[in-house]
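Pulled from TrEMBL, these are the features on record:
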| type | residues | note |
| --- | --- | --- |
| TRANSMEM | 46-66 | transmembrane segment |
| TRANSMEM | 87-113 | transmembrane segment |
| TRANSMEM | 133-153 | transmembrane segment |
| TRANSMEM | 165-184 | transmembrane segment |
| TRANSMEM | 204-225 | transmembrane segment |
| TRANSMEM | 237-260 | transmembrane segment |
| TRANSMEM | 280-306 | transmembrane segment |
| TRANSMEM | 335-354 | transmembrane segment |
| TRANSMEM | 360-380 | transmembrane segment |
| TRANSMEM | 392-414 | transmembrane segment |
| TRANSMEM | 420-439 | transmembrane segment |
Amino acid sequence: LPQETTTLDTNVSVCLSCSPGNIIGSGIFISPKGVLEHAGSVGLSLIVWVCGGGICALGSMCYAELGVTIPKSGGDYSYVTEIFGGLVGFLLLWSAVLIMYPTTLAVIALTFSNYVLQPAFQNCVPPYLATRLLSTICILFLTWVNCSSVRWATRIQDVFTVAKLLALGLIIAVGLVQICRGHYDALRPSQAFEFTRDPSVGQIALAFLQASFAFSGWNFLNYVTEEVVEPRKNLPRAIYISIPLVTLVYTLTNIAYFSSMTPEELLASNAVAVTFGEKLLGVFSWVMPISVALSTFGGINGYLFTSSRLCFSGAREGHLPYLLAMIHLKNCTPIPALLVCCGATIVILCIGETHNLINYVSFINFLSYGVTIAGLLYYRWKRPNLLRPIKVSVLVPISYLVFWAVLLGFSLYSEPVVCGMGIVIMLTGVPVYFVGVHWKNKPRCVYRVVGE
């Protein structure tokens, strides 16, 4: 590693970080079960998917303004640090490094291993040890790829983006054929709103958390703003195209699922797309697990790529050890940051269960989004004369924050342990900030340990 930080390879395909291909990952192959379970009916679950896309659209409009007003890489972290100062920015960074990225990577890796192993264990759940071992191998391999070459990582992303879109295209096409043949009993209004239990606001909030996991990635272009050519034009363009397209794809995919499976069959399935393929594709049912495995494989690669950018930004601001800002002199890859993310992901793989991990990471994600968008309103009040190439209506952030407060409040009420644990872990960053960042005159031995 060089002694000084070098510039990241600017030949990276920036579309990697916010295109529909990066938003669409494992979520659409695993979240439908969680959304249906908490929503309680087919009709309400479809409403949750559509409204989830609408909420992401409101958030993305706010992020477009922030991206061109504060043109720094690092996304939420850079904006909150600029607006609220070091402590709030550090807590956001702390939760992202310890919770958001490793947990998301763990969920996607577990989805990958479940879909690879499910054909071999058709009548039961794949063994715990086998799924964790395969997930770990996948994480280690892609970490090695990202450490070795930025070009390899971007090529993998391009190839596997095509694979995941083809998988969803196949599901949607087959589902539409089923509907044309009259197989849509579960979608009839008389049955679609038959609730398996009495709906509650708390359960609907958890359904939104499950859906939001599938939409995570809508703000990733903000993490590499400095590498975007003409961000004033391309940042909002990428966001405005991605969100409606992904919402349409997700809604049609769920409709396709319900055209071939009853709600009970979907809830009983360990791999929804595999069950869909077995029912409709016959001898070609092997296509679905392979396609989903390729999709999730690309998703892991994309998250590893983005997490290294966040660590780079944090270390550049002095909020993380200088070691994490170092780039390999020849390969131009952030090896220390990638190794930290890889290690944290493997630890979470060994202790978490997929459904709870999704609620856990989605709660923290929404918490971060809300703080960032609240910062947009505060920054308008604090710096009213600042040039803003994009300025959204004040009703957009206010509408988002109202939904945000209701969602987090009822989610915390319904899952106090899972959601509360995320808040506790975030708050553990307070003493770390004051000791590691705020305390300037530390002994020399401390600086040697953190690599400064």
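Cβ coordinates are placed from backbone N, Cα and C, and glycine is handled just like the others.
All annotation found in TrEMBL is predicted automatically rather than curated by experts.
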Among 87-113, 204-225, 237-260, 280-306, stretch most in contact with the transmembrane segment (420-439) (C-beta, under 8 angstroms): 87-113
Interface-richest range of 46-66, 204-225, 280-306, 335-354 toward the transmembrane segment (237-260), CB pairs under 8 Å: 46-66
Range from 46-66, 133-153, 335-354, 392-414 with most C-beta pairs under 8 A to the transmembrane segment (87-113): 335-354
Candidate ranges 133-153, 204-225, 335-354 - greatest C-beta contact count to the transmembrane segment (46-66) (under 8 angstroms): 204-225
Beyond the flanks of the transmembrane segment (392-414) by at least 6 residues, Cβ under 8 Å: 55, 58-59, 61-62, 64-65, 200-206, 208-209, 359, 363, 366-367, 369-370, 373-374, 376-377, 380, 420
Sequence-remote partners of the transmembrane segment (280-306) [C-beta within less than 8 Å, at least six residues beyond its ends]: 12, 16-17, 21-22, 24-26, 29, 101, 104-105, 108-109, 111-112, 115-116, 118-119, 138-139, 142-143, 145-146, 153-154, 156-157, 159-161, 163-164, 166-167, 170-171, 174, 178, 217, 220, 223-224, 260, 271, 273-274, 338, 341-342
Candidate ranges 133-153, 204-225, 360-380 - greatest C-beta contact count to the transmembrane segment (335-354) (under 8 angstroms): 133-153
Residue numbers, six or more beyond the limits of the transmembrane segment (204-225), whose CB comes under 8 Å of its CB atoms: 12, 14, 17-18, 22-25, 27-28, 31, 34-35, 37-39, 44-45, 48-49, 51-53, 55-56, 59-60, 63, 66-67, 71-76, 79, 104, 107, 231, 235, 238-239, 242-243, 246, 250, 302, 306, 309-310, 313, 358-359, 361-363, 365-366, 369, 406-407, 409-411, 414-415
For the transmembrane segment (133-153), sequence-distant contacts whose Cβ falls under 8 Å of one of its Cβ atoms, 6 or more beyond its ends: 8-9, 11-12, 105-106, 109-110, 112-113, 116-117, 297, 300-301, 304-305, 308, 328, 331-333, 335, 338-339, 341-342, 345-346, 349
Surrounding residues of the transmembrane segment (360-380) on its own chain - C-beta under 8 Å, 6+ positions past either end: 59, 62-63, 65-66, 69, 76, 79-80, 82-84, 88, 92, 95-96, 99-100, 103-104, 107, 209-210, 212-213, 216, 219, 352, 386, 394, 397-398, 400-401, 404-405, 407-408, 411-412, 415, 418-419, 421-423, 426
